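The block underneath contains the structure these notes are about, expressed in structure tokens.
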Amino acid sequence: MSDNIENIELLGTIGIFVSTPDSNSPQIRQQGSAMPFGNTHNKAKMNYDSDQEYPDLSKHNNHMAKILTPAMYERLRSKETPSGFTLDDIIQTGIDNPGHPFIMTVGCVAGDEETYEVFKELLDPVIEDRHGGYKPSDKHKTDIDPANLKGGDDLDPDYVLSSRVRTGRSVRGFCLPPHCSRGERRAVEKLSIEALASLTGDLNGKYYALKNMTDAEQQQLIDDHFLFDKPVSPLLLASGMGRDWPDARGIWHNDNKTFLVWVNEEDHLRVISMQKGGNMKEVFNRFCTGLTKIETLFKERNHAFMWNEHLGYVLTCPSNLGTGLRAGVHVKLPNMSKNAKFEDVLKKLRLQKRGTGGVDTAAVGGVFDISNADRLGFSEVELVQMVVDGVKLLVDMEKKLEKGQSIDDIMPAQK
Amino acid sequence: MAKNCHNDYKMKFTGEEEFPDLSLHNNHMAKVLTKEIYGKLRGKSTPSGFTVDDVIQTGVDNPGHPFIMTVGCVAGDEECYEVFKDLLDPIISDRHGGYKPTDKHKTDLNFENLKGGDDLDPNYVLSSRVRTGRSIKGFTLPPHNSRGERRGIEKLSIEALASLDGEFKGKYYPLNGMTDAEQDLLINDHFLFDKPVSPLLTCAGMARDWPDGRGIWHNDNKTFLVWVNEEDHLRVISMQLGGNMKEVFRRFCVGLKKIEEIFKKHNHGFSWNEHLGYILTCPSNLGTGLRGGVHVKLPKLSTHAKFEEILTRLRLQKRGTGGVDTASVGGVFDISNADRLGSSEVDQVQLVVDGVKLMVEMEKKLEKNESIDGMIPAQK
């Protein structure tokens, strides 16, 4: 018996999981952070020096490739977060997806909340580059009090066809989708089901687990444009987010089909509020009310949302830090969109355009998806305010152009 | 796809909470893995850090096919087959015809032990080919290896192959940096391999860092070909048009031995043990890792009622000429050995040589409208 214990302790110090008779006996295992040389899932890689392990990024065009130098790689390669996420885990998706000459992808993901701290040397510059110069010392303001939004209930429905606000949330105490185990993912699902089941009134709804959905349910969710499918994008797959599909993934929506939650897709939770027409105020009201209720329920179960005063809400992709919020409308701007100043106006308003199929699609019939460009460094109220004010102005401009009038005197200043 | 499987937090959950949902699955892993086995193995890892979740991830993510029984697990290093034997031994037994944990595998790469094989009728046998895989000791396997390891394997392979001469003189083409002209030629020669798209492979992590450290080597005669860092560290292929399997096998054995010598000199021999033979990434390739086959015209025999039975008795399998799972075209079939483990290389190629000879004779008889009933072989 004593031999066994000695062996276990010895094996523990060189970082090997030690077998125990069954899964109920206490697991004796190596704490990753205590390992003398840190990180490795593949311990053999520490037999090689940093130059031999440094990835070939010569054809790459993403934020990670711009920032990760060989010297930085050397300093970070032996670290790991308490759950065992390493630098190589973070950057694998950026290595496997060199990027696009015109689209700047992020090229890295977080595996847990601690990733952003342990690997700040890499992630702070990535965040700064992606979020308009956001500094490591900056503070992010969260404001999901819908009463602070001015107006937004009177966007012209002849032009504004639909309004939508989405965000993501991570549940503290669990690793993120690139890294979470099946047990963790199922626990996130279980907590989510409990929390959502206790919503009432306008938010009364139902959960549909992906793995035992009936054909009828599936068809309905497809028709409603609610159903999400296994990721096919190599950006997501290369980071490990598709593992064990469809285990513990599901969709919840309220009976009115105006509030939707995705469980365990790209983030632990994706929360969406939407409706036809231009009443962004109502959409945002429901968004804030629903989110706040859900957050309270999670907090009661000792699993609050991941948040800190520097990065705001912590999500899997660094591009979604802060508010994680994209608020947008589908709006008819056939004249405005052909105007030479369209791009400039959008930039000044801090808005971005997409086709109505989402990111990277083309506009159809002059209808554009217009949403906030920022995520971090502005509050939710501020971002939705920009959308509300900006879209109102764009519609005014559209109306002027329809009448053959100039828009020069209503050009906005840079926000 | 990357792997979860070094997530320390999973040990906070019970084996039951972590056990995968295999209810829709049809692969060897799903048949064998019980909650008890999972509970016993989940706290283990090999010295390089490969865990049972790493082993099974590809089988969890790829439920399988109602008709094709995939393996559903991979090894990340040589030690997997020992540390996870509770899972892998039953899978090996299931896949390799009842091969027992106590069985010994015989290796025989002495081409002179092959009888005949130089006289398969070229009017029927269009081409002959032998392939196998090899893992290099001291490096982890493609699902798990780091960039440094993979590059180390490539470097050793380039050195080893560069020192070959005579009929084995050749050239290495790294995937990274191939010119368009080189690429076109390799495609035309049917030599070029591309980034795996099969989720069976990508879910096991074999496509990471593509195309870093990957390449193709072939001799000037284009009869001996080596793939570096694709599904295994090395894939070695000997081939030529016509029916001279003896010559193909001679070149295969001679070339392999030469390569192995050079790796041994660098203290990186091939992974092998007396129970499992050559250690490869997929348990289905253990033993010899050898597939010896021909493209052969059997338009009449292939439509005969007893064709499948004959193949089974001869311990052969058929494929279309596009490889596994393709249809045959113009009555031309790819016929190769079905076994990998439990019989030697010579044994397996002998089965192909004797079996194909018999089938060509049967084909000739059927052409003359004669019966083949007296020629049906006994079970080998």
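Each residue's number is its place along the chain shown, starting with 1.
The backbone N, Cα and C atoms fix where each Cβ goes, and this holds for glycine too.
What TrEMBL records for A:162-166, A:HIS225, A:ARG270, A:326-330, A:354-359 is ATP binding site. A:ARG354 (ATP binding site): 18 other CB atoms within 10 A of its CB, across all protein chains.
What TrEMBL lists as domain 'Phosphagen kinase N-terminal' is A:45-132. When the domain 'Phosphagen kinase N-terminal' (A:45-132) is classified with DSSP, helix, strand and coil residues number 44 helix, 6 strand, 38 coil.
Taken from TrEMBL, the feature domain 'Phosphagen kinase C-terminal' applies to A:159-401.
Within 10 Å of the C-beta of A:VAL165 (ATP binding site) we count 27 further C-beta atoms, all protein chains included.
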